[in-house]
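K.L.:
So Swiss-Prot says this about it:
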type: TOPO_DOM; residues: 1-4; note: topological domain 'Periplasmic'
type: TRANSMEM; residues: 5-25; note: transmembrane segment
type: TOPO_DOM; residues: 26-31; note: topological domain 'Cytoplasmic'
């Protein structure tokens, strides 16, 4: 169970980080 939770947290973090990067760069390119 703990292993699955670790993987879930890692995937969630990557998705959130990717979304943050996408938003950051899209705002940057709007200029």
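The backbone N, Cα and C atoms fix where each Cβ goes, and this holds for glycine too.
I would like each feature placed in context: is it buried or exposed, what are its neighbours, and how far apart are things?
P.N.:
Taken together, the residues in the topological domain 'Periplasmic' (1-4) have a mean pLDDT of 80 on the 0 to 100 scale.
Sequence-distant contacts of the transmembrane segment (5-25), counting only residues of its own chain at least 6 positions beyond either end whose CB sits under 8 Å from a CB of the stretch, are absent.
Under DSSP, residues within the topological domain 'Cytoplasmic' (26-31) fall into helix, strand and coil as 5 helix, 0 strand, 1 coil.
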